[in-house]
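Chemist: Pasting the relevant annotations from Swiss-Prot:
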- Glu118: active site, proton donor (ACT_SITE)
- Cys32-Cys328: disulfide bond (DISULFID)
- Cys203-Cys217: disulfide bond (DISULFID)
- Asn36: N-linked glycosylation site (CARBOHYD)
- Asn55: N-linked glycosylation site (CARBOHYD)
- Asn77: N-linked glycosylation site (CARBOHYD)
- Asn143: N-linked glycosylation site (CARBOHYD)
- Asn181: N-linked glycosylation site (CARBOHYD)
- Asn214: N-linked glycosylation site (CARBOHYD)
- Asn248: N-linked glycosylation site (CARBOHYD)
- Asn287: N-linked glycosylation site (CARBOHYD)
- Asn321: N-linked glycosylation site (CARBOHYD)
- Asn336: N-linked glycosylation site (CARBOHYD)
- Asn356: N-linked glycosylation site (CARBOHYD)
- Asn371: N-linked glycosylation site (CARBOHYD)
- 1-16: signal peptide (SIGNAL)
Amino acid sequence: MNWIFHLFCAVYGIFCEENSFTIYWNVPTHQCEKLNVSFISLLKELNIVHNKDGNFSGESFTILYSPGLWPSMEHKNITNGGMPQCGNMTLHLEKLEKDVKEKLKDDGYSGLAVIDMESWRPVFRQNTGWMIKYRELTFEQYNKTLAEEYKNNTTNDKLRNRLIKESAEIFEAPAKDFLMNSTELVKKYWKDAKWGYYGFPYCFNMGVAANARNESCPKIVKEENNKTEWLFKSYDYWFPSVYITKVNFTCEERGQLVRGRVTEYQRLRKEFNPKAKIYPYVWFLYNLSNEYLSKEDLEMSLKILKMGKMDGAVIWGSSKNLTKECECKDLYDYVNGTMRTVLEGLKKPENNVKWNGSCQETSDAARYLKNCTDKQ
C-alpha cells in the first residue's frame, strides 16, 4: 500500500515524508490519579508517550530539576556560590550523581532524561532580565571602579561592551565546565538514557517590542550559538522551548516565533550534530496566561514542528494547575477535545503542508483554566 500513499502525495503536491513524530507527556497528571481523574487510557489512545501508571517520572520520561549543586542567584538567594566562577565543581558532581541515582534508580534507564537548569545561561551576554545580577557582580569582579561608573551611566555603550567582553572571560569558562562535566558524568553512569538540557538552543526571536520583531533569531544570537557548538555536540537530545504568547501578538506572529526557532534548530543540528533528536517543549497554555491554546494555535505549533523535521514534541504543564478534581477534569476535557482533534488531524496526509505564514484568529470563545472549588 506504500505506493498508493506516495502516489496520493505526488498527485496533490503535498509533503508526505514518513518521518516519526513522537509526542511526550511532561504534565504532572499523576496528581489527578489521586483525585480519581485518570489520563492513562486517554494518553495511550492518543499515542502520547507517558510513564507507567501515570507517574511523573518513569521509564519513558524523567525531568530532573537542578540536580546537583548548581551555583544560582534565583529568587534573590545566593546558593552554591551564586555564580559559576564561585561554585564547587567537586561537591556539585558528587551531589549530581546522588540526585540522579535517587531519581532514575535503574542504571539501565533508557528513556528521555531532561536536566532543567535555568539558573543562568552559559553565554554571559544572554543573562538578561532577573539574570542581570550575574552581569553586575561579574562586572565588579573584573573592575569595581568601572562597574560603578557604568551603574551611574548605563547609556555608555562603549563601557558596557568592554565590561561584557572582559567579564565573559571570567564567567563563561566555568559555566562551560559545569555544563560539560555534568553531562559527561550522567552519560558515563547512565549510558542508555537519552540525556539533554532543557531550553537549549536559545533564539530570542520575536521580542516583546512590536516594532522590533523578526522571525529570524538575531544575528548576534546565531553567532553565540555557533560559539556554543561544544554544548550542542555534547548530547544528542535537545529540548528547546516554543511557548507562545497571545497578548499583543497576532496569530501570524505566534507562528513566526515557532518557525523562526525551528529554522535555527535545523541549522544548528545540520552544522554541529546531525544525529541530534529535537523535541521542543510545547505548553498547552499561552505564556503568561491561564488561557488554553486555541485549536488553531496548537495545530500551528505542532504542524510547524513536524514539517520542520523535528522528531516530536514534549507537552508541558504545571503542577500548580492540577491540585483539584475540577482542574483535572478541565484539562482532561481539553486533551480529549481540542488536543485529540489536532493530533488526529496531524496524521492525515492532506494536512502535511507547510505553514504559509498566514492565519486567522479563532472565532471560538477563549477557554481559560477553570477557576473552581471542589465539593465543600
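For all residues, glycine too, the Cβ spot is worked out from N, Cα and C.
For each listed feature, how buried is it and what is near it?
Modeler: For the recorded site, Glu118 (active site, proton donor), the DSSP three-state label reads coil. Under 8 Å, Cβ to Cβ, and six or more positions away along its own chain, Glu118 (active site, proton donor) finds Ser66, Glu74, Tyr198, Gly199.
Residues near Cys328 (disulfide bond) in space but far in sequence (CB under 8 A, at least 6 apart, same chain), listed by position: Thr29, Gln31, Cys32, Leu35, Val37, Leu322.
Sequence-distant neighbours of Cys203 (disulfide bond) (same chain, six or more apart, CB under 8 Å from its CB) are Cys217, Val221, Pro240, Gly260, Arg261, Glu264, listed in sequence order.
In the three-state DSSP reading, Asn36 (N-linked glycosylation site) counts as coil. Counting every protein chain shown, the number of other Cβ atoms lying within 10 Å of the Cβ of Asn36 (N-linked glycosylation site) is 9.
In this structure, Asn55 (N-linked glycosylation site) belongs to neither helix nor strand by DSSP; it is coil. Neighbour count (other Cβ atoms within 10 Å of the Cβ, all protein chains): 16 for Asn55 (N-linked glycosylation site).
Counting every protein chain shown, the Cβ of Asn77 (N-linked glycosylation site) has 8 other Cβ atoms within 10 Å.
The secondary structure of Asn143 (N-linked glycosylation site), as reduced to three states from DSSP, is coil rather than helix or strand.
The Cβ of Asn181 (N-linked glycosylation site) lies under 8 Å from the Cβ of Met89, Leu93, each of which sits 6+ residues away along the same chain. In the three-state DSSP scheme, Asn181 (N-linked glycosylation site) falls into the helix class.
The number of other CB atoms found within 10 A of the CB of Asn214 (N-linked glycosylation site), across every protein chain shown, is 12.
Around Asn248 (N-linked glycosylation site), taking its Cβ as the centre, 9 other Cβ atoms fall within 10 Å, counting all chains.
Listed in sequence order, the residues of the same chain lying 6 or more apart from Asn287 (N-linked glycosylation site) and placing their CB within less than 8 Å of its CB are Tyr243, Ile244, Thr245.
Asn321 (N-linked glycosylation site) has a Cβ environment of 19 other Cβ atoms inside 10 Å.
According to its DSSP assignment, Asn336 (N-linked glycosylation site) is helical. A simple way to gauge crowding: the CB of Asn336 (N-linked glycosylation site) has 14 other CB atoms within 10 angstroms, across all the protein chains here.
The Cβ of Asn356 (N-linked glycosylation site) has 7 other Cβ atoms within 10 Å, all protein chains considered.
Neighbours of Asn371 (N-linked glycosylation site), defined as other CB atoms within 10 A of its CB across all chains, total 9.
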Chemist: Taking just the CA atoms, what is the gap between Asn321 (N-linked glycosylation site) and Asn356 (N-linked glycosylation site) in Å?
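Modeler: The Cα atom of Asn321 (N-linked glycosylation site) is 34 Å away from the Cα atom of Asn356 (N-linked glycosylation site).
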Chemist: What is the nearest of the glycosylation sites Asn36, Asn248, Asn336 to Asn55 (N-linked glycosylation site), using the Cα of each?
Modeler: Asn36
Chemist: So which glycosylation sites are near Asn36 (N-linked glycosylation site), with CA atoms within 10 Å, out of Asn77, Asn248, Asn336, Asn371?
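Modeler: Cα within 10 Å of Asn36 (N-linked glycosylation site): none.
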Chemist: Can you figure out which of Asn77, Asn336, Asn371 (the glycosylation sites) comes closest in space to Asn356 (N-linked glycosylation site), comparing Cα atoms?
Modeler: Asn336
